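For reference, the structure discussed in these notes is given below.
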Amino acid sequence: MYPAHLLVLLAVCVSLLGAASIPARPLNLYQFGNMIQCANHGRRPTRHYMDYGCYCGKGGSGTPVDELDRCCQTHDDCYGEAEKLPACNYMMSGPYYNTYSYECNDGELTCKDNNDECKAFICNCDRTAAICFARTPYNDANWNIDTKTRC
């Protein structure tokens, strides 16, 4: 093998190793956002739920600040249970990456029967949370709070 070929091969291997350390983008969260919009009939933008209280958004800890934050805590717990399912326990199959089939008809959410066990579980996690968000009051004072002091 020529030295130039070895350099190209080495460059490809290093690139692949670097790409392996880049986390995949959560695909399912887009669907979850659409479910939220369906359930609340578009009354509140999805981004308002991304940094609310102690549990809505990335991570979560402490005591939920209100009922809406409890919806997010329950959703986080549901995703945790999904990750324990054998059907969801393979690469890129967990709750953040697995997409599912559902329908939205005039605010009514239905997870379709063609979902496998993992997708059905995740769909129901998202459906339950979206319905909870729609029926629970939103307190602007709990958006973008200091989680280090309040949670």
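Keep in mind that glycine also has a Cβ here, set from the backbone N, Cα and C atoms.
So that you can see what the record holds, here are the features copied from Swiss-Prot:
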- 1-27: signal peptide (SIGNAL)
- CYS38-CYS104: disulfide bond (DISULFID)
- CYS54-CYS151: disulfide bond (DISULFID)
- TYR55, GLY57, GLY59, ASP76: Ca(2+) binding site (BINDING)
- CYS56-CYS72: disulfide bond (DISULFID)
- CYS71-CYS132: disulfide bond (DISULFID)
- HIS75: active site (ACT_SITE)
- CYS78-CYS125: disulfide bond (DISULFID)
- CYS88-CYS118: disulfide bond (DISULFID)
- CYS111-CYS123: disulfide bond (DISULFID)
- ASP126: active site (ACT_SITE)
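Swiss-Prot feature annotations superimposed on the structure.
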| residue | record | Cβ within 10 Å |
| --- | --- | --- |
| GLY57 | Ca(2+) binding site | 14 |
| GLY59 | Ca(2+) binding site | 9 |
| CYS72 | disulfide bond | 21 |
| HIS75 | active site | 23 |
| CYS78 | disulfide bond | 18 |
| CYS88 | disulfide bond | 21 |
| CYS123 | disulfide bond | 25 |
| ASP126 | active site | 26 |
| CYS132 | disulfide bond | 17 |
| CYS151 | disulfide bond | 17 |
**Asked** Given the disulfide-bonded residues CYS38, CYS125, which one has the fewest other C-beta atoms within 10 angstroms of its C-beta?
**Response** CYS38
**Prompt:** Closest to CYS38 (disulfide bond): which of the recorded positions GLY59, HIS75, ASP76, going by Cα position?
**Reply:** HIS75
**Item:** Number of other Cβ atoms within 10 Å of the Cβ of CYS118 (disulfide bond) across all protein chains
**Value:** 21
**Residues within 8 Å of the TYR55, GLY57, GLY59, ASP76 Cβ centre (excluding the Ca(2+) site residues themselves)** = CYS54, CYS56, LYS58, GLY60, SER61, CYS72, GLN73
**Pairwise CA distance, CYS54 (disulfide bond) versus ASP76 (Ca(2+) binding site), rounded so that it is a whole Å** = 11
**Request:** Quick one: pull the CA-CA distance for CYS118 (disulfide bond) versus TYR55 (Ca(2+) binding site), whole Å only.
**Result:** 23
**Asked** Under DSSP, is CYS54 (disulfide bond) helix, strand or coil?
**Response** coil
**Request:** Inside 10 Å of the Cβ of CYS104 (disulfide bond), count up the other Cβ atoms and send me the figure.
**Result:** 15
**Message:** What whole-number Å value do you get for the CA-CA distance of ASP126 (active site) and HIS75 (active site)?
**Reply:** 7
**Request:** Out of the disulfide-bonded residues CYS56, CYS88, CYS104, CYS111, CYS123, give me the one sitting nearest to ASP76 (Ca(2+) binding site) by CA distance.
**Result:** CYS56
**Asked** Closest of the disulfide-bonded residues to TYR55 (Ca(2+) binding site), Cα to Cα, picking from CYS71, CYS88, CYS125?
**Response** CYS71
**Fill in**
The disulfide-bonded residues listed are CYS111, CYS123, CYS125; by CA-CA distance, the one closest to GLY59 (Ca(2+) binding site) is CYS125
**Request:** For CYS111 (disulfide bond) and CYS56 (disulfide bond), determine the Cα separation and express it in whole Å.
**Result:** 22
**Prompt:** Measuring Cα to Cα, how many angstrom lie between CYS123 (disulfide bond) and CYS104 (disulfide bond)?
**Reply:** 12
